Amino acid sequence: MVKLKMPPYRLWIAVMVFMTTFTNYMLRANISVSIISMVEKSKKNHTAFCATAADNSTKPAAKDTTGSQTFNWSEGDVGWILSAYFYGYFLTTIPGGVVSNYIGPWHTLLWSSLGSAVLTGLTPLCAISGGVGGVCASRFFIGFLGGAAYPAVNDLIAKWAPPQEKGKFLAAMMGNTLGTVVTWNLVAAATSAWGWEWGFYVLAIFMMVYCIVFGIIVRDRPDLHPWVSDEEKKHILESQEGHLTKKKGFPPYHKMLCCNFPFWALAIAQLGNLWGLNLIITYAPKFMAETLGFNIKASAGLAALPYIGRLIGSNIFGIIGDFMRKKDIMSVTKIRKFFIIFSHFIPGLCLILIRAFGCIKEGVIAMLVLNQGFNGACVVSHLVNAQDLAPNFAGSVYGIINFFGMTTGIFVPPITGYLNTNYTGFKGPTLIFMIGGIAYIATGAIFIIFGSAEVQPWNKKEGEEED
């Protein structure tokens, strides 16, 4: 009789990494769909630059028949609501890593997710009783709690993933991409059926279930989990020997920030990565509707294609990167720099080439899908680099680079707004995508010049001896 071999328990940790980023982006992206039904509809129609007689982009939106209360909020009010999450998020990206280093990723992720679930469920009440201010407050604190997620996830990966498997674990962080796709469709369906309030209630219920499952399956380290075999514990801990310590301590920020070229190369690479990602998330739907003439609400599958491409690309590149490392085809530093070609250079060229297609919609959509598909290589180029430089402080390092990178969420939308307002026709979008493409390529070039995958001296915690 053949005895079936159970998969390693760390596979379940990778699944929970996926679900953590999935749920984090659900609560980040849901408001962009819900706000459409929350605000009273404008009677003004818009004719897209590339619209044809067959387009349905100029048809008025269907009337809401759910009986939900709507609000007479201005474009400025809506802008504050959409950005409130990010103001809270910025405040905890760096402290979130410190907290995770000190109390562990299990506590950090569980309680921040639970708090976010409660606040999401209370958002309709905040809107009805507190108006714009109430929703902004709710979104601010959801962002405040959500900002700790990615640093804590990196801390969790550092403790569970053998070095040769980190590409696969980092690929699991692409749950954020699927989270965006599912959220847009799920919230749209719930809103259409029962009213915009249920767009929040459904996600809050989903988050509660996730928190229960996470609390049962996950522990801070493999040696603390009763369900992990002794053989697997030994394999993970021995593979991390010399890089990871169980001691708690605070990151040496002065050593990171003062003239540490590999760290700053990583931060700059993340800035370019999030410039492109935030550009696609915040501007691409508007570009498709107002320039290309697509009805985004009726074409959710089309709008989701770039994100599906990113999810597929991240898994493919993650497998290739881990294979190259296991076979020792080249040094880890060279692997990181090699994949920058795919995560930054090719996506940058795709954005620049959008100009060549103009109103050839199939070509433009193809460039957006390829842009995000190739950008999936970031899981083995720079995203995993925080694990390389400082396994002991991976959460804190990721928190800092994400803090710098997420500033693009503040200045990219005003840039796109200014260019769209001051340049008519296809010229505005051309400049917007060209700037995004240059940001990808320039930041990738800096990483290739100054980046490294060598463990930095400041990875040692206080009281440890240097190797």
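Glycine residues also receive a Cβ, built from the backbone N, Cα and C atoms like all the rest.
Among the features that TrEMBL reports, domain 'Major facilitator superfamily (MFS) profile' is placed at 16-454. Annotated transmembrane segment per TrEMBL: 9-27, 80-102, 109-132, 138-157, 169-192, 198-218, 263-284, 296-317, 338-358, 364-384, 396-419, 431-451, in sequence order.
Sequence-distant contacts of the transmembrane segment (263-284) (same chain, at least 6 residues past either end, Cβ-Cβ under 8 Å): 29, 180, 256-257, 303, 306, 340, 343-344, 347-348, 351, 368, 371-372, 375, 378, 381-383, 385-386, 389, 397, 400-402, 404-409, 412-413, 416, 432-433, 436, 439-440, 442-444, 446-447, 449-452, 456. The recorded stretches the transmembrane segment (396-419) and the transmembrane segment (169-192) do not share 3+ CB pairs below 8 A when only pairs 6 or more apart in sequence are counted, and are therefore not in contact. Sequence-remote contacts of a segment are chain residues at least 6 beyond its ends whose Cβ falls under 8 Å from one of its Cβ atoms, and for the transmembrane segment (109-132) they are 20, 23, 27, 30, 38, 69, 71, 73, 77, 80-81, 96, 138-139, 141-142, 145-146, 148-149, 152-153, 156, 196-197, 200-201, 203-205, 207-208, 210-211, 214-215, 218.
Per-stretch counts of Cβ pairs under 8 Å to the transmembrane segment (169-192) identify 364-384 as the leading one among 80-102, 138-157, 338-358, 364-384. If you look at the transmembrane segment (338-358) against the transmembrane segment (80-102), you find fewer than three C-beta pairs under 8 angstroms, all six or more positions apart, and that falls short of contact. Looking at 80-102, 198-218, 364-384, 431-451, the range that has the most CB pairs within less than 8 A of the transmembrane segment (9-27) turns out to be 198-218. Against the transmembrane segment (364-384), the recorded stretches 80-102, 138-157, 198-218, 431-451 differ in Cβ pairs under 8 Å, and the greatest number is found for 431-451.
Remote same-chain partners of the transmembrane segment (80-102), defined as residues 6 or more beyond its termini with a Cβ less than 8 Å from a stretch Cβ, comprise 28, 31-32, 35, 73, 108, 112, 132, 135-137, 139-152, 154-156, 248-251, 392-393, 395-400, 402-403, 406-407, 409-410.
Tertiary proximity for the transmembrane segment (431-451) is limited to same-chain residues at least six positions away from its ends with a CB under 8 Å from its CB atoms, namely 261-262, 264-266, 268-269, 271-273, 275-276, 279, 283, 287, 333, 336-337, 340-341, 343-345, 347-352, 354-355, 381-382, 385, 415-416, 419-420, 423. The average pLDDT computed for the domain 'Major facilitator superfamily (MFS) profile' (16-454) is 85.
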